[in-house]
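Chemist: Quick one: the structure is below, and I'll ask about it shortly.
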Number of protein chains: 2
Amino acid sequence: MIMRTLIISLLSIGAIAAPATALAANEPIQPIEAAKPKNADMVELGKMLFFDPRLSKSGFISCNSCHNLSMGGTDNLPTSIGHKWHEGPISAPTVLNSSMNLAQFWDGRAKDLKEQAGGPIANPGEMGFTHELAVDVLRSIPEYRTRFKQLFRSDKIDIGMVTDAIAAFEETLVTPDSRFDKWLKGDKKALNQAELEGYKLFKESGCTGCHNGAAVGGGSFQKFGVHEPYKTTSKAEGRFAVTGKDADRFMFKVPTLRNVELTYPYFHDGAAATLEEAVDTMGRLQLGRTFSKEENAKIVAFLKTLTGKQPEFKLPILPPSTNETPRPKPFG
Amino acid sequence: MIMRTLIISLLSIGAIAAPATALAANEPIQPIEAAKPKNADMVELGKMLFFDPRLSKSGFISCNSCHNLSMGGTDNLPTSIGHKWHEGPISAPTVLNSSMNLAQFWDGRAKDLKEQAGGPIANPGEMGFTHELAVDVLRSIPEYRTRFKQLFRSDKIDIGMVTDAIAAFEETLVTPDSRFDKWLKGDKKALNQAELEGYKLFKESGCTGCHNGAAVGGGSFQKFGVHEPYKTTSKAEGRFAVTGKDADRFMFKVPTLRNVELTYPYFHDGAAATLEEAVDTMGRLQLGRTFSKEENAKIVAFLKTLTGKQPEFKLPILPPSTNETPRPKPFG
Ligand code: HEC
Ligand code: HEC
Ligand code: HEC
Ligand code: HEC
Ligand SMILES: [Ca+2]
Ligand SMILES: [Ca+2]
């Protein structure tokens, strides 16, 4: 009896698993896998750094200020607020699933998360600090010294260790188990009729030409404004800023559409307030196609099924500064 | 046999409990009790609101921006950064254990946490918003509507409900189990010799005249500058702003010294960078006594034993805005 139950269980696991894999393999979008952190202590240190406002000149701004993990990993602003309320030149992308990007930033100027993470600390319009001062702050705090020493077996702390740890934390910021992924894995009831029709439209009209893979984007640079030019007051020129090639003018990294329900407003200038507006613009500019109100609503309904399980963790408790810690300069 | 073990267990509980209670009762400081939240759903909603930057005009500043629960419930700045990088007039106190205060704010102008919580939202130099707009934001978000309805059995949301929920969350922000509380409860090994001598000095020189009770402060308004005047460029006049009585000039609420290791810099103007400096000033100005370097160090060592268990909870995941949600105006 026990044996029979076991065999049936094994069979039924197989029965679910087989079509799931088959299904996903035929689709242009693959499910997101849960993070498998290699080094839990490194992830914990990276999380602390991600939340630590002492990596900024003011002592007020942390990575989480602009990539708020309560809010889909972004600030939900057209352009970001930085040091001294500086208005940034471009909209902040989510850090969720950013490990799947072919490169970091809208223009791909950082090759990976580690290279990216040094940027904002020293950017005068973001955290407004220097790498040296940020590292001085960490060095002055015994708990940070201990943690870095345990992980890097060195008595000194350098910015490379800081960005290693932040990147390790960011790699855990994936969002599996969206309703769409459940559907991909074989749960036919996970999507309703409108959502399924939206997905069909998304595939058949050509969106998946650019938005594909597990991240539903993030895999290539593409021109924004294929059929008609995109009108914007933003000065960003995309990939051209990196390569200097005329052909790269207005080529932007295709953003992930995972959790796009949470990452309003849309586009590199944050000009589209709603998902309806973004889908309409994409249809017209990228595909030369004007969606009806019903079609647009179905695509939007599908896109909302891409909201996955948000990373869950305890708010980190940060070790206090000491008398040796350089003090923040918010108004200096 | 079972009965005997039970009796011995009961006896040994008694044997520990009796001297602990006796000890604490003879001391001017009492241990902090763990929070016993009456309504877990109310606390959860309050936590979400505490972390929601959409209660500010910019969409960037939440209660947690200035009362960072990763950092002892404060911003560790001499004066706070508010909307448009406005420099506040006074230093932000911790929200930890603030439910034990006789009144809220340095000058006690809010009678309790509920009355306090409406202040920052509508303060132009803090969150820069209005109560009406903040409530409009919440009303436009289905998950908030559902949660408010469940808790208040009403289809409308008003600012009174918002401040009720925030206050319920703040009431949970207590920090029991500090080493000093363990000592108070009878664990003689919880403090070392220097810390014990520091506590003795703290009591015998008269600090406990003002810093007493479970919060080691928070129980009265006292003149800052008893033996000599306090020199500051700050314009704050303390309790006088509330009562208009000359005798209340420069009377401030005695701050809690719980977690004082984490709540640097010190005083209402944030002018004392270190605990050593704050203790020295207190000795001279409040008691007319100059502590030796050794005495100062012992008092500081004692004060650091007041760091309790920080509130632990998951970072709240906030529900997304909808097309109906009023958009933030960070630069408008
Ligand atoms: C003041 C706001 C602000 C702060 C603080 C900030 N970021 Fe960003 N972040 C942005 C903006 C804006 C961009 C887009 C810049 C661009 O593409 O040119 C960005 C881009 C990124 C990206 C690339 C995502 C992608 O899809 O290309 C990552 C990853 C990232 N930030 C992580 C971090 C980390 C880690 C920190 C802290 C060390 C941080 N950010 C601090 C605003 C901020
Ligand atoms: C030719 C490539 C291409 C095609 C086809 C395409 N997109 Fe895009 N998509 C992009 C690029 C590039 C961006 C980023 C534009 C920018 O802001 O610079 C983008 C941005 C978006 C955004 C905003 C994401 C954000 O976080 O800002 C949405 C939503 C979107 N696309 C949906 C669609 C839909 C729906 C379709 C099909 C109707 C589609 N896209 C077709 C390349 C494409
Ligand atoms: C821009 C910074 C800032 C923001 C945002 C902010 N506060 Fe404060 N908070 C302060 C400052 C500064 C004071 C002291 C003001 C005074 O005493 O006059 C204070 C005082 C308090 C106090 C009184 C504590 C005591 O011991 O007297 C509480 C409680 C409190 N805030 C809770 C909140 C809540 C809840 C929110 C969000 C709704 C919030 N604060 C938003 C800076 C801020
Ligand atoms: C007569 C009343 C009184 C006495 C006695 C007193 N204090 Fe205070 N203490 C205060 C008041 C009032 C403040 C707030 C001053 C301000 O910033 O306006 C304060 C502030 C402090 C602070 C800074 C807390 C913070 O978070 O900013 C420390 C530390 C402190 N006291 C320690 C001591 C020590 C140690 C002693 C004994 C040597 C002592 N106090 C004696 C009334 C008193
Ligand atoms: Ca966005
Ligand atoms: Ca302080």
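Every residue gets a Cβ built from N, Cα and C, even glycine.
Got these off TrEMBL a minute ago, pasting:
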| type | residues | note |
| --- | --- | --- |
| SIGNAL | A:1-24 | signal peptide |
| DOMAIN | A:41-149 | domain 'Cytochrome c' |
| DOMAIN | A:193-307 | domain 'Cytochrome c' |
Chemist: Quick check on the domain 'Cytochrome c' (A:41-149): DSSP residue counts for helix, strand, coil, in that order please.
Modeler: 51 helix, 6 strand, 52 coil
Chemist: Mean pLDDT over the domain 'Cytochrome c' (A:193-307): what is the value?
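Modeler: Here the mean pLDDT over the domain 'Cytochrome c' (A:193-307) amounts to 97.
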Chemist: With DSSP as the reference, give the number of residues of the domain 'Cytochrome c' (A:193-307) in helix, strand and coil.
Modeler: 47 helix, 9 strand, 59 coil
